Amino acid sequence: MTEEEDYMSDSFINVQEDVRPGVPMLRQIREARRKEEKQQQANLRNRQKSVKEEERERRDIGLKNALGCENKGFALLQKMGYKSGQALGKSGDGIVEPIPLNVKTGKSGIGHESSLKRKAEERLENYRRKIHMKNQNEAKAAEEFRMRLKSKQDEMRLEGDLRRSQRACQQLDAQKNIQVPREAWYWLRPEEETEEEEEEEEKEEQDEDECPSEDLSVLEKLQILTGYLREEHLYCIWCGTAYEDKEDLSSNCPGPTSADHD
């Protein structure tokens, strides 16, 4: 009677492993080949990169080294009087180092990068021009606003000086018993007038041969009225003083305008 087989023994396991010996072996071979191909591709890329680096290094070294006498072109230059290390040109201020090479490594066409650079510079220049024009317009608008404000302030100041002159003229004329002003606008008009008085005054103004006062500007009225005050009453509204005589007025008053008193 044969001995009972031990399924856990090495002989049984080895027999079972050898049932299909080709299947796992093929899988291992394919995996090894795949790894080997990847390694070869990586080595090839590294080798190509190293070749490019070596080419660049050799090129840089060659450009840094001066040409020797064995170079035919350099020998011809020497015969023409050129010396090694000498700058080009009659004045001797030309370049000494060789013109560097710009190796193109990208895939874009020739001139594409320079075109992009030129367009970028144009966009930047247009942006700067717009900013400059905007700043100019803002400065112009601010200056116009200041001028309008100054003009308005000057107009208000002139109107204030005219009212002061009218008030002073009315008081000084009254001191001399002058009942009617030389011109209607020399005195301040009453704040409240009846409609009949206004209509009568309008008729009188229409009958006058001279130009109506409305044709005069505030500045013109002020100049006329201050001249009347100085001539008739020896009075200056900016000094606020009635002088004794014309000599006293001319000696102590700075002048007939507001600017003279600034």
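Cβ atoms here come from the backbone N, Cα and C positions, even for glycine.
Over in Swiss-Prot, the protein carries these features:
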{"type": "COILED", "residues": "28-61", "note": "coiled coil"}
{"type": "COMPBIAS", "residues": "28-39", "note": "compositional bias 'Basic and acidic residues'"}
{"type": "COMPBIAS", "residues": "50-60", "note": "compositional bias 'Basic and acidic residues'"}
{"type": "COMPBIAS", "residues": "192-213", "note": "compositional bias 'Acidic residues'"}
{"type": "DOMAIN", "residues": "69-115", "note": "domain 'G-patch'"}
{"type": "MOD_RES", "residues": "Ser115", "note": "phosphoserine"}
{"type": "REGION", "residues": "1-60", "note": "region 'Disordered'"}
{"type": "REGION", "residues": "189-216", "note": "region 'Disordered'"}
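Same-chain residues lying 6+ beyond the ends of the compositional bias 'Basic and acidic residues' (28-39) with a Cβ under 8 Å from its Cβ atoms: none. DSSP assignment over the compositional bias 'Basic and acidic residues' (50-60) gives 11 helix, 0 strand, 0 coil.
In the three-state DSSP assignment, the secondary structure recorded for the residue listed as 'phosphoserine' is helix.
For Ser115 (phosphoserine), no same-chain residue that is 6 or more apart in sequence has a Cβ closer than 8 Å to its Cβ. For the domain 'G-patch' (69-115), the predicted model reports an average pLDDT of 70. Per DSSP, the secondary structure of the compositional bias 'Basic and acidic residues' (28-39) breaks down as 12 helix, 0 strand, 0 coil.
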